[in-house]
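Scroll down for the structure; my scribbles are underneath it.
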């Protein structure tokens, strides 16, 4: 009965625990493939119904992105001229001075390109002086090397950063397209910004020029603390649910499981005590034998262990005997040249036994002769 109760209890605990552990292991979603399928389905639904009002979960984020795998939230709008409102848990991060905190455009040294670039993030860096040559949609530009009065656009700014890398989604990028004409006369200049999380940086952002391809595509790296992910409400809810689930399992194990088995055990022992009071011969087995009675497998392994111990002890005894025989104990030898083989030893012991029998017979004869002398004296008298 106790074994059956224990099996029922363990099966109930496993049925409750396994789904929660699977949920914790897979994170906010069921799997990476399910998250990607859900994201693609969401994109198709948005393209199919562009006029349909979007819910709070499906709204387009301005210069921000939510990681579909971890549920974390990254807001790059703090680097633009129109930042979003801070969410719960976000802190206002400013530079060392007011100018740095209000900075919305950056001048980047073009190493090896003999010019400087001016960039904006999710906004246009074009001011009044540049508005005559460039559109207010321009996200990045530079001064022409041949004509300093000529400004060249390398892409219109975008407000939709993207996470690339498949199921891992580790790279955060932002593309600027539809710039000035490339030297080939067919394509237009474009820019790719790669964002890197940097919590040690002192300024809002640090932009570095990486290189270009055919003077048509330009690559930059943006290091900023605003590129670091923050917690999301959904993620916090998931963590709270996991905590509640663990507490529920602990409650079931502690109060429902352990105490139920303890009550069953006490009831069983009380019944055994009653039977013992009625007839002591019916309950000769101690209570701890009922509890510690193992399964067949445990008995099998215990038997193997005992057999191994016996074999080891016998082997050690044989080794000790062999060592004593090699070291040479106290032996009786008939002559110095006696052999140490077993056959010689047997012959030696046989000779010794024969000698002992002869000595015993001599002692018996001597006793008989001594007893005969008084009778002869009496006869003479």
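A Cβ is built for glycine as well, from the same backbone N, Cα and C atoms used for every other residue.
What Swiss-Prot lists as disulfide bond is 63-122 (among others), and the listing cites sequence analysis. Taking a C-beta cut-off of under 8 Å and a sequence gap of six or more, residue 63 (disulfide bond) has these contacts in its own chain: 75, 76, 77, 79, 80, 84, 121, 122, 159, 160, 161. In this structure, residue 63 (disulfide bond) belongs to neither helix nor strand by DSSP; it is coil.
Secondary structure at residue 182 (disulfide bond), as computed by DSSP, is coil. Look at Swiss-Prot and you will find 182-216 (among others) tagged as disulfide bond.
The annotation disulfide bond is assigned in Swiss-Prot to 197-228 (among others) on the grounds of sequence analysis. Applying an 8 A CB threshold to same-chain residues 6+ apart, the list for residue 228 (disulfide bond) reads 74, 197, 198, 199.
The domain 'MRH' annotation in Swiss-Prot covers 61-230 and rests on sequence analysis.
Its Cβ placed at the centre, residue 116 (N-linked glycosylation site) has 12 other Cβ atoms within 10 Å. Per Swiss-Prot, the feature N-linked glycosylation site maps to 116 (among others); the stated evidence is sequence analysis.
Taken residue by residue with DSSP, residue 136 (N-linked glycosylation site) is part of neither helix nor strand, so it is coil. The number of other CB atoms found within 10 A of the CB of residue 136 (N-linked glycosylation site), across every protein chain shown, is 12. Residues or ranges marked as N-linked glycosylation site by Swiss-Prot on the basis of sequence analysis: 136 (among others).
Among the features that Swiss-Prot reports, N-linked glycosylation site is placed at 178 (among others), with the record citing sequence analysis. Cβ contacts within 10 Å of residue 178 (N-linked glycosylation site), excluding its own Cβ and spanning all protein chains shown: 15.
In sequence order, 182, 183 are the residues of the chain that are 6 or more apart from residue 215 (N-linked glycosylation site) and have a CB within less than 8 Å of its CB. As annotated by Swiss-Prot, N-linked glycosylation site applies to 215 (among others).
As annotated by Swiss-Prot, region 'Disordered' applies to 33-57 (among others).
Summarising the annotation, Swiss-Prot assigns region 'Disordered' to 81-104 (among others).
What Swiss-Prot records for 360-381 (among others) is region 'Disordered'.
Positions annotated as topological domain 'Lumenal' by Swiss-Prot: 24-236.
The topological domain 'Cytoplasmic' annotation in Swiss-Prot covers 258-381, and the record cites sequence analysis as its basis. Mean pLDDT of the predicted structure over the topological domain 'Cytoplasmic' (258-381): 62.
The feature transmembrane segment is assigned by Swiss-Prot to 237-257, with sequence analysis given as support.
It is 182, among the disulfide-bonded residues 182, 216, whose Cβ has the fewest other Cβ atoms within 10 Å in the structure shown. The disulfide-bonded residues listed here are 122, 197; among them, 122 has the most other Cβ atoms within 10 Å of its own Cβ. For the pair residue 178 (N-linked glycosylation site) and residue 216 (disulfide bond), the C-alpha distance works out to 11 angstrom. Geometry remark: residue 136 (N-linked glycosylation site) versus residue 216 (disulfide bond), CA distance 21 Å.
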